[in-house]
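Presented below is the structure to which this report refers.
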Amino acid sequence: MATIHVDGKTLEVDGADNLLQACLSLGLDIPYFCWHPALGSVGACRQCAVKQYTDENDKRGRLVMSCMTPATDNTWISIEDEEAKQFRASVVEWLMTNHPHDCPVCEEGGHCHLQDMTVMTGHNERRYRFTKRTHQNQELGPFIAHEMNRCIACYRCVRYYKDYAGGTDLGVYGAHDNVYFGRVEDGVLESEFSGNLTEVCPTGVFTDKTHSERYNRKWDMQFAPSICHGCSSGCNISPGERYGEIRRIENRYNGSVNHYFLCDRGRFGYGYVNREDRPRQPLLVLSKQKLSLDGALDQAAALLKERKVVGIGSPRASLESNFALRELVGEGNFYSGINEGELDRLRLILQVMQEGPLPVPSIRDIEDHDAVFVLGEDLTQTAARIALALRQSVKGKAVEMAADMKVQPWLDAAVKNIAQHAQNPLFIASVSATRLDDVAEETVHAAPDDLARLGFAVAHAIDPSAPSVADLDPQAQAFAQRITDALLAAKRPLVVSGNSLGNKALIEAAANIAKALKQREKNGSISLVVGEANSLGLALFGGDSVEAALERLTSGQADAVVVLENDLYRRTDAARVDAALAAAKVVIVADHQQTATTAKAHLVLPAASFAEGDGTLVSQEGRAQRFFQVFDPTYYDARNMVREGWRWLHAIHSTLQGKRVDWTQLDHVTEAVAEAKPILAGIRDAAPAASFRIKGLKLAREPHRYSGRTAMRANISVHEPRTPQDIDSAFAFSMEGYSGSQEDRQQIPFAWSPGWNSPQAWNKFQDEVGGHLRAGDPGVRLIEPKGEGLDWFQAVPVPFSAKADSWKVVPLYHLFGSEENSSRAAPIQQRIPETYVALSKEDADRLGVNDGATLGFQLKGQALRLPLRIDEQLGAGLIGLPVGFAGIPAAIAGCSVEGLQEAAQ
């Protein structure tokens with residue numbers, strides 16, 4: 001700690017910070033542009049000037065840039081010094097000489113950092129009366145709009161995009177006051193994290209194009225704290241709604257998880273919530289009859305009465321909804337909705353997390369590891385936010401080298417110059433090239449079984465008591481030794497693996513490496529990636545596979561099925577699903593999307609998406625997190641009967657039993673889950689109860705400037721209805737409630753503080769800028785390792801051997817296209833590649849086919865015709881297929897393809 005003196009006040013700060021960060025952490029306001037908590041200091045904008053004095057007797061002082069000045073002990077500064085204030089105002093004024101006068105039509109207006117800083121400096125009159133510099137804008141794809149004339153040349157965009165996120169197609173061109181930030185030519189921004197430019201940019205150069213198409217100001221949107229459902233990472237988001245539509249998604253700061261950044265799937269994949277073809281009223285499918293609320297409950301109860309019912313849950317539904325289904329059908333009749341192979345691997349992952357020797361790190365904690373081995377995962381496609389964290393972990397070497405030279409880590413340019421190209425080691429073993437390969441020390445591409453053999457070899461090299469690998473070729477053995485040396489040399493090694501390749505041996509090999517590291521007394525971690533937002537929650541919750549449920553229907557052991565938020569055709573073979581649904585006398589589906597399964601239902605119940613309901617998810621870290629309802633859809637249309645899955649299912653259960661509904665609010669069902677499943681007892685603490693208040697007030701979902709509420713339904717009726725009442729949470733569907741930053745709270749719908757309207761307002765909610773929220777980061781970890789309860793896994797697979805007339809399927813994942821719901825969003829659909837089949841160059845040459853040729857083959861009894869994509873990194877004997885794409889069967893990992901040949905045109 002250090003003592004600094006600011007305008008006559010003596011304050012305690014972290015001496016490792018710069019003055020700007022230290023003062024912001026104290027709640028003091030200093031305007032800035034180029035500095036960002038995640039990017040460090042470069043001193044480019046000169047906006048954060050303060051007056052520094054030699055000591056208490058110095059009356060003259062000198063101007064310094066606070067972002068470039070360390071907060072050393074006994075520093076004397078003034079923020080309110082008149083010369084410093086005039087200097088800061090002059091900086092804003094000359095930045096404004098070329099900035100257009102377009103705030104009323106700029107999408108950034110109302111959450112613009114430039115607006116905030118201009119007001120903060122007191123600049124309110126333009127004296128420049130001459131021609132402004134202008135630029136040609138670029139077309140950057142479906143996610144981001146480009147308006148270069150608004151640029152103030154703070155360099156944040158390229159520092160984030162190139163230096164932080166590893167992008168290569170955005171740069172800065174030109175010189176002096178005529179610089180241009182963009183691509184060499186028009187084209188889609190290639191980075192999977194490009195959407196963060198909309199929050200990193202302090203002006204309106206890069207704006208959310210998906211929001212611009214249905215635009216409204218930040219102060220006119222209703223927000224709620226939510227969790228991204230796009231993968232298992234558990235990123236915190238703030239969805240904004242107007243007129244019953246989600247208009248945009250902003251990053252919600254969580255110092256342990258996503259920090260300041262999201263991936264593009266999570267930011268732009270919300271369009272499925274707004275689709276016109278969503279179920280919004282209960283429907284008898286055969287007669288196409290829409291039902292009332294009571295009619296739907298009576299119909300469901302009549303259909304299920306005296307039936308042998310099974311329930312199929314879902315890893316994309318909340319714990320509460322899955323529990324309500326289990327209560328409806330009985331514990332022995334509840335099935336997880338996950339295919340048997342994936343469920344088996346999930347149980348193994350859970351065993352490793354619970355009984356293994358090493359902890360699972362948070363995403364933020366991943367950045368602090370100094371040697372990483374990724375085994376079998378293409379993380380940018382399966383858990384993109386973890387991939388971004390790994391990009392930061394390799395930069396730890398630069399910080400370490402800078403510390404040895406007494407250079408502070410926030411001096412961004414100096415740290416980079418010291419390190420040059422030195423990085424912490426990252427090793428990647430995958431079936432094909434990944435988007436992280438550019439920062440990896442070494443990569444290897446091989447069949448899943450061979451990757452697992454490499455992992456087992458690494459474990460054995462770390463600790464010879466681990467099972468050895470027979471017949472490992474010398475090249476692989478040498479590679480395993482290099483990985484071993486790096487992991488043992490590290491202070492905090494990390495091994496990352498997961499479920500995506502459908503190979504159990506990969507997870508077992510990763511677990512052996514973790515055990516071996518613990519045996520060598522390394523302070524390491526293990527991170528295991530799972531498929532969906534609540535996959536780990538379902539593994540904790542229990543329930544057999546979807547195939548087991550279908551078998552009960554096909555065999556006649558059950559004659560009715562209730563399916564919760566699950567398209568069974570994406571889980572297992574279509575023929576098996578067809579047979580089971582045909583055998584069932586009653587099929588009831590509760591979902592928020594039209595799917596192949598809802599088309600086969602007798603009764604469809606409109607379930608809530610994440611935007612219309614509350615619930616709890618468990619991320620791949622084992623962190624239980626609550627998402628909250630953003631808006632009440634019935635406010636805009638009384639015919640809309642969308643309800644949370646747990647509400648529908650509990651109401652049906654109560655109707656069947658002829659009793660009143662017991663669970664009238666979320667806290668009731670959450671408490672019931674916690675009591676029924678002791679391992680899930682911690683979900684009580686995932687968020688405050690509905691009774692939580694600050695100064696006697698509920699928490700406001702809407703900014704206090706929210707306008708038009710009394711006119712929003714005037715086209716329906718001039719009589720204004722009562723504001724929807726939220727009995728499930730501590731939030732109000734109103735601007736009336738607490739929305740400030742002074743009182744500590746974890747669940748924050750939107751970031752706003754007086755004078756701070758942009759995303760930089762998160763500074764006001766943190767214990768220190770870039771640290772954790774003052775009230776603690778949202779969520780609660782449910783799983784901690786027990787130590788030495790896990791034995792060595794012994795089943796080392798045999799080497800993969802390519803065959804002349806048969807190919808082994810490896811699943812290939814795409815950030816845009818492999819996840820079910822985001823793929824329904826129009827902007828995401830523009831980024832989904834055409835369905836393809838991938839072969840190695842060796843196999844393509846042997847078959848005599850070229851890139852783009854149409855290949856025909858049989859897979860799981862289904863005939864496919866797909867264009868060929870030659871993959872130089874794919875091994876011979878392997879055939880790659882994109883997961884989740886149209887026409888690709890479910891559960892393809894490890895299947896065999898035969899009869900592969902060029903199809904007749």
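Every residue gets a Cβ built from N, Cα and C, even glycine.
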In Swiss-Prot, [4Fe-4S] cluster 2 binding by Cys151, Cys154, Cys157 extends, among Cys106, Cys201, to Cys201
Among all protein chains shown, how many Cβ atoms are found within 10 Å of the Cβ of Cys45 ([2Fe-2S] cluster binding site), not counting that one? 23
Beyond Cys228, Cys231, Cys235, Cys263, what residues of that chain have CB atoms within 8 A of the centre of the [4Fe-4S] cluster 3 site's CB atoms? Gly230, Ser233, Gly234, Ile237, Asn258, Leu262, Arg265, Gly266, Ala384, Arg385
Argmin Cα dist to Cys157 ([4Fe-4S] cluster 2 binding site) over the binding-site residues Cys48, Cys103, Cys263 returns Cys263
Rounded to the nearest Å - Cα separation of Cys231 ([4Fe-4S] cluster 3 binding site) and Cys112 ([4Fe-4S] cluster 1 binding site): 30
If you run through the domain '2Fe-2S ferredoxin-type' (1-83) with DSSP, how many residues end up as helix, strand and coil? 12 helix, 28 strand, 43 coil
Rounded Cα distance, in Å, between Cys151 ([4Fe-4S] cluster 2 binding site) and Cys45 ([2Fe-2S] cluster binding site) is 12
Rounded to the nearest angstrom, how far is the Cα of Cys263 ([4Fe-4S] cluster 3 binding site) from the Cα of Cys67 ([2Fe-2S] cluster binding site)? 28
Quick check: with Cys34, Cys45, Cys48, Cys67 left out, which same-chain residues have Cβ atoms within 8 Å of the centroid of the [2Fe-2S] cluster site Cβ atoms? Leu20, Tyr32, Phe33, Trp35, Ser41, Val42, Gly43, Ala44, Arg46, Gln47, Met65, Ser66, Met68, Cys154
Reduced to three DSSP states, the domain '4Fe-4S Mo/W bis-MGD-type' (221-277) has 11 helix, 20 strand, 26 coil
